[in-house]
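Quick look at what TrEMBL lists:
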BINDING   ARG97, HIS98, GLY99, LEU100, SER101, SER102, TRP103, ASN104, ARG148  substrate binding site
ACT_SITE  HIS98  active site, tele-phosphohistidine intermediate
ACT_SITE  GLU172  active site, proton donor/acceptor
Amino acid sequence: MGTALLAVTSPPCFLSSANSRHLISTTPVPLLPSSSLTHGKVKSQITKVRSNVNSVSAETKLETEASMTGAAYDFKGAKTSLTGEILSSPKKITIVRHGLSSWNEQSRVQGSSNLSVLTETGAKQAEKCRDALVNMNFDVCFSSPISRAKSTAEILWHGKDKPLCYLDSLKEAHLFFLEGMTNADAKKKYPELYTAWREDPSNFHVNGIYPIRKLWGTAREAWKEILLTPGESFLVVTHKSILRALICTALGLEPERFRAVDVNNGGICVFTFNKRGEAMLQALNMTAHMYSDHVYQY
């Protein structure tokens with residue numbers, strides 16, 4: 001007569017460690033005669049399982065209990081490090097696209113030109129962003145030095161005594177002779193080039209230079225400069241194309257995905273980074289503050 005089996009039927013338990021999760025197996029345990037159950041091997045095996053369950057760290061229990069909204073509490077690994085080295089601490093990065101500019105309003109190709117300036121509407125959008133982020137404590141603000149982004153950052157950072165840093169790596173993509181042209185004129189005068197820019201931007205090129213492919217390298221450079229700066233919470237103000245590149249490089253997406261994401265004027269995106277420089281996108285193109293007095297807390 002074969003040996004009976006006793007199955008431990010409670011659900012499997014996941015234990016978090018620094019680098020991975022481990023599943024405690026519920027493999028059936030041999031059933032011994034009843035006289036042996038109290039002091040025998042079955043009790044030993046069950047005690048071992050219970051011991052493992054109880055060994056979950058207090059930190060893990062707190063993380064689990066604190067996850068009231070289903071947020072990812074166990075962000076300990078991803079695939080793409082943007083620094084290649086360990087950070088001093090995890091980081092939270094809030095990215096804002098500049099407010100409406102004069103060339104946005106006129107439907108002109110902007111690129112890296114400094115001639116497109118923040119409009120009155122754009123300034124009000126920047127004020128709305130500042131008010132929406134009033135509860136957030138940022139250590140540093142990084143901005144593109146191009147006028148429309150610079151003016152937005154100055155409004156957002158008004159009255160703060162912490163650093164406002166301008167990074168060339170946050171500048172917008174250079175679009176050569178298309179810059180300053182209305183979209184309608186560019187389409188009419190350079191139909192093939194303009195179509196490539198709108199419909200196949202990763203293969204758009206002028207004189208052998210591919211602006212969007214180049215932007216991927218610029219975005220990686222910007223991430224590294226930002227993430228290796230001391231501090232835990234940063235504000236970044238920049239432009240739509242480089243913002244798309246920042247999002248895509250953080251998520252491991254190639255230039256072909258350039259138009260897969262979009263961010264409005266004054267739109268807010270939020271990333272968190274673990275100490276290995278790996279990103280988690282927490283919010284994309286938040287705009288509730290543009291239509292209400294909404295204040296963010298995250």
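Each Cβ is built from the backbone N, Cα and C atoms, and glycine gets one as well.
Caution: TrEMBL annotation is automatic and unverified by curators.
Here the binding residues for substrate are ARG97, HIS98, GLY99, LEU100, SER101, SER102, TRP103, ASN104, ARG148. Their largest Cα to Cα distance works out to 15 Å. Same-chain residues that are not part of ARG97, HIS98, GLY99, LEU100, SER101, SER102, TRP103, ASN104, ARG148 yet have a Cβ within 8 Å of the Cβ center of the substrate site turn out to be GLU105, GLN110, SER116, VAL117, LEU118, THR119, GLY122, THR152, ASN265. Rounded to a whole number, the C-alpha distance linking ARG148 (substrate binding site) with HIS98 (active site, tele-phosphohistidine intermediate) is 6 angstrom. For TRP103 (substrate binding site), applying a Cβ distance below 8 Å and a minimum sequence separation of six or more within one chain yields VAL109, GLN110, SER113, LEU115, SER116, GLY180.
Cα-Cα distance from GLY99 (substrate binding site) to GLU172 (active site, proton donor/acceptor): 14 Å (rounded to the nearest whole number). Spacing of the residue listed as 'active site, proton donor/acceptor' relative to ARG97 (substrate binding site) is 11 Å (Cα to Cα, whole number).
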